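Copied over from Swiss-Prot:
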- 12-18, 40-42, ARG301, 327-329, 407-409: GTP binding site (BINDING)
- ASP13: active site, proton acceptor (ACT_SITE)
- ASP13, GLY40: Mg(2+) binding site (BINDING)
- ASP13, GLU14, GLY15, LYS16, ASN38, ALA39, GLY40, HIS41, THR128, ARG142, GLN220, THR235, ARG299: IMP binding site (BINDING)
- HIS41: active site, proton donor (ACT_SITE)
Amino acid sequence: MKVSVLLGLQWGDEGKGKVVDVLTPKYDIVARFQGGPNAGHTLLFADRKYVLCSIPSGVFQGKVNIIGNGVVLDPILFKAETETLTSSCSNLVDKIYISRKAHLILPTHRLLDVAYETQKGNNKIGTTGKGIGPAYTDKVSRNGLRIGDIDYNFEEKYRYAIARHKELLHQMNFQYDLLPLEREWKKSIEVIKRFKRINSDNFINKALIGGRTVLAEGAQGTMLDVDFGSYPFVTSSNTICASACTGLGVAPAKIGDVFGIFKAYCTRVGSGPFPTELSDEIGEKLRNIGNEYGSITKRPRRCGWIDLVALRYAVMINGVTQLIMMKSDVLDTFDTVKACIAYEVNGQKMEDFPFEIGSSVKPIYTELVGWKTNMTKIKSENEFPKAFKDYLLFLEESLGVSIKIVSLGPDREQTIIRE
């Protein structure tokens, strides 16, 4: 068996949570391979909305859910997340496994995150302040604490890390009150101890050999990747397909289908370049119809037309085999729909994604006829209006990959799987 990978192709918030919920019946194991609690996957289950930050989205389907070694885990937020799930998901401790190699977000990581961002002044990158960046910094500098450390001289390692962080905070002259946060953090560690802490790399590889199916679930989006995104306005981890290998411990040869998710338009939260951003009534219309507000931060998302330059790049980097288009229904009322097919940079046409996106980058659009049809009740692709079929064909020809799934609303039933 091979691992299927599901990831976002834009700046995050593509709708991965719903798609995982749709796909999980086919899989035995769902595994998160990177990121932290700065991104939320929104799912509807039993008429209730849930936002999952660290727990894989297969939890509602009774699957084995693995938090992989590439994830950074905040015990406080993990505890809170499990508490919101107890009414809908029984026996959580039997469904969620945590990699011993996953790194912990310490209470001082949150403080450092805020302190670093404050120091940047006008050059802020829009961090969520959840401590993800400092946790990954400790990881690569070989100073981090891992889940497995809970069972080995943990208090000594913890005290050493906290003392080092306090010194950094002192150097930045940052005022803080650690005690309440630390007290809550230590209570939350006791909750983590109830869950199975495993060598997830061995577990997943043995599962594949045994014929079990695995879906690797990414967080955020390709254009936020620390290497291939719009640096420095990116997240602190690799969000692309290759990260499923390093974040779960599986070989590249064991990667199978790569499902790439994108919206029928574009959104972005926080600072950073966004070539197709619309700061007019059209952008506001997209935001209102699409309810474009961060699932965790509640920040209004910046909205714009679909960017095929960035999307082609994301498809290439990830080796996408099947595309999934979300929120098609948001465009139902538009007379015309635009798509960015290239950039103009200093008077020159550019079809490849550039090293840096500055103010000189201007989108070059093509305009398509809108379908002007309420598609939220459609049950089959045969019911798609012709203009929407033309839009799908245009996207497939532009991206070189077929669109397998089309989402027409937030509910699981509003999902069309194409032949």
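Heads up, the Cβ atoms here are built off N, Cα and C, so glycines get one too.
Between the CA atoms of ASP13 (active site, proton acceptor) and SER328 (GTP binding site) there is a gap of 14 Å, rounded to the nearest whole number. Cβ neighbour count for GLY12 (GTP binding site) (all protein chains, 10 Å cutoff from its Cβ): 28. Geometry remark: LYS18 (GTP binding site) versus ARG299 (IMP binding site), CA distance 20 Å. Of all the binding-site residues in the list THR128, GLN220, ARG299, the shortest Cα-Cα distance to THR42 (GTP binding site) is found for GLN220. When each of the binding-site residues THR42, SER328 is scored by how many other Cβ atoms sit within 10 Å of its Cβ, THR42 comes out lowest.
When the C-alpha distances from SER328 (GTP binding site) to the binding-site residues THR128, GLN220, ARG299 are tabulated, the minimum falls on GLN220. LEU408 (GTP binding site) is surrounded by 24 other CB atoms, counting those within 10 A of its CB over all protein chains shown.
Among the binding-site residues listed here, namely ASN38, THR128, GLN220, ARG299, GLN220 has its C-alpha nearest to that of GLY15 (GTP binding site). Comparing the Cα of GLY12 (GTP binding site) with the Cα of every entry in ASN38, THR128, GLN220, ARG299, these being the binding-site residues, the smallest distance points to GLN220. Among the binding-site residues LYS18, ARG299, the residue whose Cβ has the fewest other Cβ atoms within 10 Å is ARG299. Residue density at the residue listed as 'active site, proton acceptor': 26 other Cβ atoms are found within 10 A of its Cβ, drawing on all protein chains shown. Cβ neighbours within 10 Å of GLN220 (IMP binding site), excluding its own Cβ and spanning all shown chains: 26.
Here the Cα atom of ASN38 (IMP binding site) is found 26 Å from that of LEU408 (GTP binding site).
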